[in-house]
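Below: the structure, in structure tokens.
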Amino acid sequence: MARLCAFLMVLAVLSYWPTCSLGCDLPQTHNLRNKRALTLLVKMRRLSPLSCLKDRKDFGFPQEKVGAQQIQEAQAIPVLTELTQQILTLFTSKDSSAAWNATLLDSFCNDLHQLLNDLQGCLMQQVEIQALPLTQEDSLLAVRTYFHRITVFLREKKHSPCAWEVVRAEVWRALSSSAKLLARLNEDE
């Protein structure tokens, strides 16, 4: 009986190992939710990207600030939290609801909300660090500026279906980068 108990304890510890490497306890479901959100974004596509080529734009995703190779572990959670919050804000706007299938949009936003809750839980665990490093504030500003450019683009294009399609594809890339960052940080430990 004692061996079985010890074995189960080891299994429990090992099952949480990948999520503990970030210095916080992200639920194991976090990666699954992230993948599901990416899948939902693909399903939300209403137009062929080819029909919206004239509307394509480089929003300047801050890869150098958020990129998987440059960002440090201590910066990751606040930056990923900001990225997720900005995506959620964008897709819960009243203009967004007119652009997408309501069921897919609700599922996507629910997943984003859960991802955000996971990340905010990690932020609370890191609360003992009072001041943000300058590089972290710089990264947060870069994420906010990036989403400001997206918001301005949508406004300039009057929230047209093609504008939303361009933004959907851009958000997929941003969310995919965040998933890669988490995977890299988990591997580093």
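Backbone N, Cα and C atoms are what each Cβ position is placed from, and that goes for glycine too.
What Swiss-Prot records for this protein:
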- C24-C122: disulfide bond (DISULFID)
- C52-C162: disulfide bond (DISULFID)
- N101: N-linked glycosylation site (CARBOHYD)
- 1-23: signal peptide (SIGNAL)
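Taking the Cβ of C52 (disulfide bond) as reference, residues of its chain lying under 8 Å away and at least six apart in sequence are, in sequence order, C162, E165, V166.
A simple way to gauge crowding: the CB of the residue listed as 'N-linked glycosylation site' has 13 other CB atoms within 10 angstroms, across all the protein chains here. Here the Cβ of C24 (disulfide bond) has 17 other Cβ atoms within 10 Å, regardless of which shown protein chain they belong to.
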